[in-house]
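To start, the structure itself, in C-alpha cells.
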Amino acid sequence: MKNLSAYEVYESPKTSGESRTEAVSEAAFESDPEVSAILVLTSSEASTLERVADLVTAHALYAAHDFCAQAQLAAAELPSRVVARLQEFAWGDMNEGHLLIKGLPQVRSLPPTPTSNVHAVAATTPMSRYQALINECVGRMIAYEAEGHGHTFQDMVPSAMSAHSQTSLGSAVELELHTEQAFSPLRPDFVSLACLRGDPRALTYLFSARQLVATLTTQEIAMLREPMWTTTVDESFLAEGRTFLLGFERGPIPILSGADDDPFIVFDQDLMRGISAPAQELQQTVIRAYYAERVSHCLAPGEMLLIDNRRAVHGRSIFAPRFDGADRFLSRSFIVADGSRSRHARSSFGRVVSARFS
C-alpha cells in the first residue's frame, strides 16, 4: 500500500480547553504517478477563494438550488489556474480517480464535531461555500433524499451507535472498498470530501480502475466486463422502510466498463455477489488487488479530496473517536456531470433525487 502523506504533529485545542495531538498531512506523494493528483493553492489563490465565497449568499440547506446556482456563477471569478486544473480533472482522460486540493482557507470558530449527521452542521460553515465553488467547476452539485437526510452537505462524523456499520458513520471497522451508491443508476459522478477536523488514524483509501487493470490478465479483464455480479441497496438508504422502483437487489452488472485505456469501475466489497463461482473468485481477486495497490491519505483541515466515482473506488481505515467534540469532521457532497440524467427523479429546480429512484 502506498501512502500519499507525510505527517507532522501539532497540538490543537479541545472544546474543553485541553490539548490533543493530531496529525497534519503535507503535500508529498511518494511516487511520480500521484504527483499530478495534487493541486496546492497559493496564498493568493486561497485569498481569492475566500473573497469569491462571499458572493454565495443563499442558505446551503434551506435554499440549496439557489446556493448551488450562485456558486456556479461565482466560480467564474476563481483563479484561471485553479479552474483549468479542476476542469482537466472533470474531463477525466488523464485522471487517476482522485484530486487532492490543499491550502484552502482555514475555518475559524469551528463548532464542535456533531455526534450524528442529522443537523447539517458543515453546511453552516464557510467550508460549504469553498467546497461548492470548487465542486461547481467540476460539475453540478446534487443530493439524495435517502443519503444523509437529503442534505447538500452531509456531516461525515463518527457515531457511537453506528461504529461497527459499513457507512460513513462507522469507525470501529474498516469501511470496505466501494463505489458510492454502486447499486444506483443515478449514482454521483464525483464525491467531494472537505476536511474541517482531521484524525491521524483515519486514512482514506483510493484505488483506480487503471490500477486494477494493470494487475489483471486479459481474460480476467474480459470477464469483469461481463454482467456477472448482483448488488443490494446500501444500508444507509434503508431507513424509514423505504421501497425502491428498482427493488432491493440489482443486476447482474459488470464491474468494468468504458474505454480500454480509461476504464470505469462499479464495485462494492460488502454488497456485491458473483452469480457463479468463477465470478465470486474474480471478485476476491479485485479485493486482493485493492489491498496490495491502494494509496492512502490522511485528510487534514484545509484539504479537500475529489474522487471520480466512475474511475475509482474508495474506503476508510479504522480509527478511534473520543466523542469529545474534537473528532474527525468531513463535509461530503456529491457532483454529477449531467444533471438532466436525474431530472425525472427531482422536483422542478430541485437538487435532491427522490429516494424511490435510487
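Here the Cβ of each residue, glycine as well, is placed from N, Cα and C on the backbone.
Here Swiss-Prot flags His178, Glu180, His314 as Fe cation binding site, drawing on similarity to another entry. The C-beta environment of Glu180 (Fe cation binding site), restricted to residues of the same chain at least 6 apart in sequence and closer than 8 Å, consists of Arg187, Pro188, Val191, Ile307, Asn309, His314, Phe334.
In the three-state DSSP assignment, the secondary structure recorded for Arg328 (2-oxoglutarate binding site) is coil. Same-chain residues at least 6 positions away in sequence with a Cβ under 8 Å from that of Arg328 (2-oxoglutarate binding site) are, in sequence order, Thr113, Met156, Val157, Pro158, Arg197, Gly198, Asp199, Ala202, Phe319, Pro321. Annotation comment: Swiss-Prot describes Arg328 as 2-oxoglutarate binding site.
Neighbour list (His178 (Fe cation binding site), Cβ cut-off 8 Å, at least 6 residues apart, same chain): Phe267, Asp268, Gln269, Asp270, Leu271, Val313, His314, Gly315. Around His314 (Fe cation binding site), taking its Cβ as the centre, 22 other Cβ atoms fall within 10 Å, counting all chains. What surrounds the Fe cation site, by Cβ distance within 8 Å of the Cβ centroid and not counting His178, Glu180, His314, is the set Leu177, Thr179, Ala182, Val191, Asp268, Ile307, Asn309, Val313, Gly315 from the same chain.
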